Amino acid sequence: MKKMVILTASAVVAMSMAGCSSTPAGDSTGGTITFVTYTGGAAGEKYVDAVAGFEADNPGIKVNLEVVPGDATYDSLVTTRIQGNNAPDIFEVLNPLAGAASYIDAGLLRDLSDQPWVSTLVPGVAAASGVTGGNTYGLVTSLASAGVFYNKDIFEANGLEVPTDWDQFLSAVATLKATGVTPLAVGAKDGWPLMVNAQAMAASDPAFADPGNETAAGLADGSIKFSENDSWKTMVKDFSDLVNAGGFSPDASGVTWPSSAEDFAAGKSAMLIQGDFAIPAIRTANKDINLGYFPLPYVAAGETPAVLSYYQGVLAVPEAAKNSDLALKFLAYLADPNVATGFLTTAAALPTVQGAEPTLDPAIAEILPALQKKSGDSGQSGLTPATNTALQTGLQSILAGNGDVASVLAALDGAQAQ
Amino acid sequence: MTSYSLPTRRRFALGERATRTLFIVPALAIFTIVMLVPVAMNAGYAFTDWNGFTQDFGWVGLANFAHIGADVATRTAFVNTLVFTAINAPLQILIGLILALSLRSTSRFIVGVRLIVVMPIAVSGVVLGFIGTIIFDPRTGILAALAESTGLEFIGANWLGDPKLAMAAVIAMNLWQWSGFTMLIFLAGLTSIPEELYEAAQLDGASRWQQFSQITWPLLSPAATINIVLTLIGGLKIFDVVYVLTGGGPGDATRTVVMRVVTQGATSNYGYSASISVTLTILTMIVALVALAVLRRREARNS
């Protein structure tokens, strides 16, 4: 009798285990690629188009594009799927390239160094693979810039020129404020747009100029405290001063990022500090906008401001991917110069593979000289996922009026200590 | 025939105890695999520095738990959660009770109204959070539009961007979802109160308030106990509505403990995240057991 109980119990266990077992992989000619990304909406059109083109060229292969929130849950979703034997075949790395480090350390990503497209990467992108230990673990599909979008008509109406240093920027903010125009839009409720604001400031800070600078390394490993680092102390204070000067709309802490783009597009605010991926959203909301784009001049008079640049759409293939051959085929497709040209034109972004020549938005063309002169990478200011989250929360509380410079720096130290 | 079939039956017959065990085993096995094992594993991770990615990790003893006290963000999350629970629980009980008392009748219309009140339970908290953003958004929200069309500016306040109002908005959405559930339990309690008691009380000239305070409320004690304990537990575990509606913002103003568990787990602090969830579990158990003990004593007095 006891035996029977045990038999039944083990049958139940076996049956529930069977539910976890892997589904057979698709054959080499056909199958479905699972592609997880956090880039949706207007900014995600580039992937939708690329998938359609790939499926048309490769009958029998389907790409299942899954758009999920790019918030704090993203990495746990991806790792859970990898560990749960349900790995995506391709996923977009959050916080490129630094965000890939945890995956690489844990040996979860396939080394892509042997892929044919590696030799066709533009020099800057190829050099960035140093960040990931010399090997290439992801295809960087585009280069993005971030800076200040401005409404040329509003600037002209108020007799403003493009500011080239921080004092000029603050005086432009004051002039706009005085005439009743909200100087800056920001989707602070979503958190990450504040990150773009902070990183656009950090890009021009000489302490963070070199890839692999010591300050960033110290901030990342905890040997330098944020509350004792002059760069971050000054930046958080300057951001707080900008808030207190009425730089942002009074309700900014409750505004989402799409609303901020719509506010700016509709002329309700004169400027928007954002990445160039915002261009499709701005132009969709108002196709007639007289759009300009300049680097955030977080410098003293006479110095050259840097354009914040970052790697965008970094696509990685997990070691555990079931359809990795198909995934590699898709990456090779995206790296093809002709395909990349179309992809980048849709994405309104700069190329990462040689030979791709996208039609760039006039706004990007406008900032390109400044970008080629000086750029600062977003991964060089010493933020980790934990301190990144703490900074977003902190800047949000400054905007909402329930935080100050000291509490933000303390929160950053706290997040760093974990 | 009969004498032939008996031994066969006996061969397959199990003792009563074994039969009972056999019926429990499937459920117990599934419960163990999907619930007990993960909970135990999570509790184990609370004593490690596991980052959530790597295969190897070290034991750190009680360091994670000690850090909870030093970590301002986690402390804030505990305070927020307690504030949420302290405001939400009495309101939910009160609203649920008022709804139950006013929707006692079993007429078709009233039953229809009940259905509408109960409906939000069937909606996921995430969906309700999105509905909340449609209501409260300062640009595109229903309240903003209402404020514009009526000229009543306070309706169009920056609900999700103001620290105090954000907590109010979160509580409002939670009440919308769960007050109907509280009502259902009270309604079930009300049906068990004999009508004769009220008739007798009316003969004695008892006022409506006396009828409520002397008959209804004491005899509703079992329902009240369940409701109070469930609202307290639900409040301490609150996550989905808040996560979607405010994301914990502005700043840390509505960040709850479970949200802190999720973000810490997702930013390579899995061990620390596990220690927060263990602490919350223990806190919830203590609150629930104390509330249960106190309320049971009250029930005993009332019966």
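The backbone N, Cα and C atoms fix where each Cβ goes, glycine too.
Copied from TrEMBL, the annotated features are:
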TRANSMEM  B:21-41  transmembrane segment
DOMAIN    B:78-291  domain 'ABC transmembrane type-1'
TRANSMEM  B:82-103  transmembrane segment
TRANSMEM  B:115-136  transmembrane segment
TRANSMEM  B:175-194  transmembrane segment
TRANSMEM  B:215-236  transmembrane segment
TRANSMEM  B:270-295  transmembrane segment
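Recorded stretches compared: B:21-41, B:82-103, B:115-136, B:215-236, B:270-295; the one with the most Cβ pairs under 8 Å to the transmembrane segment (B:175-194) is B:82-103. Within the chain, the transmembrane segment (B:215-236) has long-range Cβ neighbours (under 8 A, six or more residues past its boundaries) at 81, 84-85, 88-89, 92-93, 96-97, 101, 178, 181-182, 185-186, 188-190, 192-193, 197-198, 201, 257, 280, 283-284, 287-288, 291-292, 295-296, 298-299, 302-303. Packing against the transmembrane segment (B:21-41) from elsewhere in the chain are residues 14: each is 6 or more residues past its ends and has a CB under 8 Å from a CB in it. Only residues 6 or more beyond the boundaries of the transmembrane segment (B:270-295), in the same chain, are considered here, and those with a CB under 8 A from a CB of the stretch are 42-43, 45-52, 57, 60, 64-65, 67-68, 74, 221, 224-225, 228-229, 232-233, 236-237, 257-258, 260-262, 264.
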